[in-house]
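*Asks:* Sharing a structure here in structure tokens format.
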Amino acid sequence: MNFEQTHRDALTEVLRWRRDVRHFRPDPIDEAVIDRLRAVMDMAPSVGNARPWRVIRVDSPALRAEVLANFNAARAAAGSAYAGEQAEAYATLKLQGIDQAPLQLAVFTHRDPAAGHGLGRASMPVTLQQSTAMAIHTLWLAARAENLGLGMVSVLDPKAVERLLNAPPDWDFVAWLCIGVPEFTDDTPLLHRAGWQENLPTEWERR
């Protein structure tokens, strides 16, 4: 299949308006939409076609509350690395949507999946984590195309999350994903607008 300019324009718009969302409306997400997101995530590339990502959908308010407590502790610990005005700025940043998002997913990487038969990862096992990252990004774009927002929470103690969710011992926690209708949309990252870190172009070096 060959694509045309309308396809390129649509993809660029989805990419431009994809944000790491922290502010969500409580509107529930239709199960048919969630099924579409799951199907698109499975279209992501992976090393050896191993599809090492594993996903737990967390609906329990009690589990979410424990993850939020985990976040609050990890955030406080991370905040000790900052001082002065930077510490004050850090305290104002909203770094999670656990308290609002209607759909929440814990994503893991299987450390040694049988699928793929080890192809492509013997010399670079990190490709399993890279595959999971690509699956998350694929889901992110699919969510945005559904007029949803996705926020990835990384300020967490991963081992505590693994214990809390009773994850198998060969699953490594990667990210907590919050998904829902965003309170607002923006074509500029929140951290750029907040003055924490502006968007900068990446130069491609040549050899």
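Yeah, the Cβs are placed from backbone N, Cα and C, and that goes for glycine too.
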*Asks:* Given that Swiss-Prot assigns ARG18, ARG19, ASP20, VAL21, ARG22, SER46, SER154 to the FMN site, pick the one from LEU95, LEU103 that the record assigns to that site as well.
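*Replies:* FMN site check in Swiss-Prot: besides ARG18, ARG19, ASP20, VAL21, ARG22, SER46, SER154, the record includes LEU95 out of LEU95, LEU103.
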*Asks:* Roughly how wide, in whole Å, is the group ARG18, ARG19, ASP20, VAL21, ARG22, SER46, LEU95, SER154 that binds FMN, by largest Cα to Cα distance?
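*Replies:* That value is 28 Å for the farthest Cα pair.
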*Asks:* Which residues, sitting 6 or more apart from ASP20 (FMN binding site) on the same chain, put a CB under 8 Å from its CB?
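*Replies:* Spatial neighbours, sequence-distant, of ASP20 (FMN binding site): LEU150, GLY151, MET152, PRO189, LEU190.
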*Asks:* Taking the Cβ of ARG19 (FMN binding site) as the centre, how many other Cβ atoms fall within a 10 Å radius?
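*Replies:* Its Cβ shell of radius 10 Å holds 20 other Cβ atoms.
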